[in-house]
Amino acid sequence: DSQQTELATASKRKLRRFIVIDEVVDKLYGSKVREYFEENNVQHKILALPTTEETKSMDLVLNILHEVQSFSLDRRTEPIIAIGGGVCLDIVGLAASLYRRRTPYIRVPTTLLSYVDASVGAKNGVNFLQCKNKLGGYTPPVASFLDRSFLQSIPRRHISNGLGEILKMALMKHKGLFDLLKNHGKYLLDTKFQSCNSFAHHGDAALQTTRIAIETMLEELAPNLWEDDLDRLVDFGHLISPELEMRVLPSLMHGEAVNVDMAFMTYVAHARGLLATEDKEQILQCMRGLELPVWHSGCSWALIQRALRERLKHSGGQLRMPLPTGLGVADIFNDTSEETLERAYKLWVKD
């Protein structure tokens with residue numbers, strides 16, 4: 001906005017920014033970030049932190065807040081900037097929401113998972129008592145800046161991890177997105193979501209895939225930002241995975257745990273007669289093509305039962321189980337019997 005830019009540059013007060021950056025991202029891009037702020041004459045403090053599921057705690061939030069306090073941030077005009085993956089964005093979002101009751105913050109996602117998932121929506125949080133995101137709130141950022149060039153430097157497994165959340169939206173809402181993943185999955189992994197002119201026969205699959213994933217996510221989240229309605233298609237892959245992910249840390253990344261959950265739920269949908277055998281096989285084939293796990297030994301029948309009991313506690317006494325009823329179409333079910341779940345589990349184990 002040119003008017004805002006004019007106001008900012010006309011001010012006699014020097015621009016100031018507090019930036020929290022993941023320490024791995026800092027090693028790769030920290031010099032460029034510092035150069036940017038120096039060239040634009042912005043007084044800045046950059047705090048590089050280890051932001052992983054294991055460090056995602058209130059201790060790290062308080063560490064950030066001590067630094068924010070010593071920087072003397074003006075919460076009305078000086079947004080905190082978070083540069084990193086989903087864990088970094090979650091931690092900084094919670095810190096910002098607590099500082100002086102609410103300080104604006106900006107998300108700059110640097111992984112594919114955070115690009116299509118954590119960058120969208122209002123939620124933030126940290127793990128507590130070995131439970132995923134047990135403490136948190138709903139404070140949307142003032143902006144999310146999306147730049148796919150960050151994805152060039154992340155490992156292939158991290159690309160696959162992000163594809164898990166994209167596949168979630170494809171299976172729930174968008175057959176066209178599913179077809180993009182099925183037909184261009186290997187290319188997206190190979191090129192790390194960069195737009196490459198030399199692969200014209202793929203079109204701009206990276207741009208199309210990320211755009212559709214984010215648009216479908218926004219369609220689901222925007223009308224229900226504070227989750228007043230507990231019937232949420234975006235919960236697909238998130239019934240079993242929180243328990244599984246925390247139980248087997250660090251062997252599964254978030255998107256991988258989500259995909260193991262989705263693979264099991266695909267079997268549940270098939271066992272219920274909602275999903276044809278051909279569609280079930282197409283889904284599993286697509287998952288394998290995206291180099292995502294379709295099974296994990298830690299996902300025992302006892303863990304599934306425990307996770308679903310937790311689900312009942314926190315979803316108004318109903319399972320609210322999103323299940324695919326075809327490719328790109330889904331519904332939410334409350335009447336899946338334990339017998340059906342166990343039958344699906346046995347078939348999943350057998351396969």
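Glycine is no exception: its Cβ is also placed from the backbone N, Cα and C atoms.
Keep in mind that what you see is a predicted model, and the values were worked out from it rather than measured.
Listed in TrEMBL for this protein:
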DOMAIN    48-160  domain '3-dehydroquinate synthase N-terminal'
DOMAIN    162-301  domain '3-dehydroquinate synthase C-terminal'
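In this model, the domain '3-dehydroquinate synthase N-terminal' (48-160) carries an average pLDDT of 95. Secondary structure of the domain '3-dehydroquinate synthase N-terminal' (48-160), assigned with DSSP and counted as helix (H, G, I), strand (E, B) and coil, comes to 51 helix, 28 strand, 34 coil. When DSSP labels each residue, the domain '3-dehydroquinate synthase C-terminal' (162-301) comes out as 95 helix, 0 strand, 45 coil, counted as helix, strand and coil in that order.
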